[in-house]
Amino acid sequence: MHLSSVQFAWAALVALAVSAAGALPSSAPHHVERRSFFTLECKGVFDAAIFARLDRICDDCFNLFREPQLYTLCRAECFTTPYFKGCMESLYLYDEKEQIDQMIDFVGKR
């Protein structure tokens, strides 16, 4: 009988650990929803790959500086704020500037 209660406690502990691990952010690919596109008031065409690339720039910038509002400020106005440009510079994306500007035009219709 004692062994059964130990096994039950162990199973409960494992279940708790698994559920806690599921609640943590993972290193899985960044999932971008169409809802985010409209929340940012982007007026262009929703393309998940392009939107994810632009969003990833803001995510990387946030990870670099760890400023709480930076991610939101970077994405504001469909990636057209000076914060987004500052993030591009901080991440040394000079050689991709034209391509990124075209992406912003595509999703944002500036």
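Note that Cβ sites are derived from N, Cα and C of the backbone, with glycine treated the same way.
Residues annotated as signal peptide in Swiss-Prot, with sequence analysis given as evidence: 1-23.
What Swiss-Prot lists as disulfide bond is Cys42-Cys78 (among others), and the listing cites similarity to another entry. Here Cys78 (disulfide bond) comes close to Leu40, Glu41, Cys42, Lys43, Gly44, Ile104, Val107, Gly108: these same-chain residues lie at least six apart in sequence, with C-beta atoms under 8 angstroms from its C-beta.
In the three-state DSSP classification, Cys74 (disulfide bond) falls within a helix. The Cβ of Cys74 (disulfide bond) lies under 8 Å from the Cβ of Ile57, Cys58, Cys61, Phe62, Thr81, Tyr83, Phe84, Cys87, each of which sits 6+ residues away along the same chain. Residues annotated as disulfide bond in Swiss-Prot, with similarity to another entry given as evidence: Cys58-Cys74 (among others).
Look at Cys61 (disulfide bond): DSSP puts it in a helix. Cβ neighbour count for Cys61 (disulfide bond) (all protein chains, 10 Å cutoff from its Cβ): 22. Look at Swiss-Prot and you will find Cys61-Cys87 (among others) tagged as disulfide bond, backed by similarity to another entry.
Residues annotated as valine amide in Swiss-Prot: Val107.
Take the CB of Cys87 (disulfide bond) and look out to 10 A: across all protein chains shown you find 25 other CB atoms. In the three-state DSSP scheme, Cys42 (disulfide bond) is classed as coil.
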